Every structure is written in C-alpha cells, then in structure tokens.
Amino acid sequence: MTVIACLREILSTARRTAVAEGASDAPASRVVLVPTMGALHEGHVRLVNHARDLGGIVVVSIFVNPLQFGPGEDLDRYPRTLDADVALLDGLADVVFAPAAAEMYPQGESSTRVTAGAVGGLFEGASRPGHFDGMLTVVAKLFGIAQPDVAVFGQKDAQQVHLVGRMVDDLNLPVTIAVVDTVREPDGLALSSRNRYLDADARAAAATLSRALADGVAACAGGAAAVLTAARVRVEAEPVVRLDYLVIVDQGTFREVAPNYHGPAFLLIAARVGSTRLIDNERITLP
C-alpha cells in the first residue's frame, strides 16, 4: 500500500499503477476511489471492500475538507486519526491519498467552487448552508486528481449521493457512482465518525433515529402522512433527541413529496442527540 500526501505524486500514481497491473480494458486497470474524511470505522471498511470487489486499483482519500464546514460547526474537533486509518486500510487499499488543506487549496479557500444548485439548499443544505458546495468542490477535485473509473459512496449520506450523481451527469464526468447500503450497529444506529462524540446517555438515545425510520417504514401502507406521524411519535418520546427535520423525498428529484405521492422515496431524518448532530435515512415505497 502506498501512502501519498502530495498532489504531484497522486496525480498519476493511481492510473500509472492501474495500467501496470493489466491491459487498458482489463478490470485490473480500473481505478476505484473511496472518498473519506478519515476517522474510519466499519462502514468505511464496507465501502473499501466493495471497491475491492469491483476489481482494480483501490484509492482511499482521507481529507477533512474545510469547505464543507460552516461557522460554528465541528471542523476543529472533527476526529483526525490518520495513523489508525492507514493501519486499518493496510491490505485493503492500494493507494491512500491524505493531503493537507494547503495541498488541496493552494490559493486558499476562495478558490473556484462547484455549486450544488437548488437541491443543495434543502434539508442538510438548509441546516448547513454552503456544506454541499464545499462537498461537491472537493469531490470534483478528487475526481480530477485520482481520475477514477468508479467512486464509492455510502447510502447514509443520501443527499450527498444524489448531488454527486447530479454533478457527474450535469458535467459529463467519466465516473460511475457506486452506492453501498448503510452499515448499522446491532441496535440500528447508523455508523458515523461522529458517533464517538456521544456520551453514554446520548449513545443509548441515538438509536431512536433508526427506530423512528423503522416505524415510518412500517406505516407506509397509510401513505406519506402516516409515515411521518409514526416516525415523529417515536422521536418525540425521547427527550434527549431534538428533531431537526423529518421528511419524505422523491428518490429521483430529492424534492419533498406531495401528501398523495405514490412510488419510491427516501425517508430522511436529522436530529441532535445531546450535543451531536446525526442523520439517517431509509428507502420506502408509498403505495
């Protein structure tokens, strides 16, 4: 496994390694990128294993992107565990790209940015203004740097996945997006690097989010209103959890559905559990 921190090295390393592994039309010549912000956990391992299953050279990026953190958010305290991350990836990834912010943004944070459009201002975007512009900017840069054929993302960040897919389509980027299902703890809590912020009481309450989603899924036969009511009742019964948003969105447009909507959708939830903000989602079908 090669660990790289410098753009000059990574710009050609992944593709050069891929070509060396086989003919240009062989699976070994494929580059598969797994973008992360580090503080890796079993959910990330699942993404990397999926990347390995796709065949080719697996590149994992580790970069805490300042552009996607707003004022008052947790940029400074976001966990940085590079040594442990590299050890975890040994034997799984072929290349780890772990640049400093100055390497990614040599002109500073006022450099050219990608904008997420109208959907980028909804839900997570409304709660975290500018977040998705920053996320798309760094993902676009990583696509240009690593030149992947495939990029792997987790379904837990459903709005992120939607927006990355839109960017790829709108800008005609030659990248296929692969999505891996959310990995959960035994009690249903979605794995997240932010889970380590939870104290004992908050950790016990955090599973409320996945239970609320499960209650919503169970109520699908009653339509959108029944889904939202069932999920909201569960959340309101847990005083440690403060709801940010609970919404059903069309899987295709990521817009909030009408009360009489029928078809595939995502049930999204975001809440503060103690002092920690968590998100989750489930696929649903409204009959």
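Using N, Cα and C of the backbone, Cβ positions are placed for all residues, glycine too.
Swiss-Prot lists 37-44, 154-157, Val183, 191-194 with the feature ATP binding site, giving sequence analysis as the kind of evidence. When Cβ atoms from all protein chains are considered, those within 10 Å of Gln155 (ATP binding site) total 17, not counting its own. According to DSSP, Gln155 (ATP binding site) is assigned to coil rather than to any helix or strand.
Per Swiss-Prot, the feature active site, proton donor maps to His44; the stated evidence is sequence analysis. Every protein chain shown contributes to the tally, and the Cβ of His44 (active site, proton donor) ends up with 26 other Cβ atoms within 10 Å.
Here Swiss-Prot flags Gln68, Gln160 as (R)-pantoate binding site, drawing on sequence analysis. Summarising the environment of Gln160 ((R)-pantoate binding site), the number of other Cβ atoms within 10 Å of its Cβ, over all protein chains shown, is 22.
Positions annotated as beta-alanine binding site by Swiss-Prot: Gln68. Secondary structure at Gln68 ((R)-pantoate binding site), as computed by DSSP, is helix.
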Measuring Cα to Cα, how many angstrom lie between Ser193 (ATP binding site) and His44 (active site, proton donor)? 10
Suppose we draw a 10 Å sphere around the Cβ of Gly43 (ATP binding site). How many other Cβ atoms does it contain, all chains included? 20
Which one of these binding-site residues has the most other Cβ atoms within 10 Å of its own Cβ: Met37, Leu40, Val183? Leu40
Binding-site residues considered: Gln68, Ser193; fewest surrounding Cβ atoms within 10 Å belongs to Ser193
Please report how many Å separate the Cα atom of His44 (active site, proton donor) from that of Gln155 (ATP binding site), as a whole number. 12
Rounding to whole Å, the Cα atoms of Met37 (ATP binding site) and Gln160 ((R)-pantoate binding site) are apart by 14
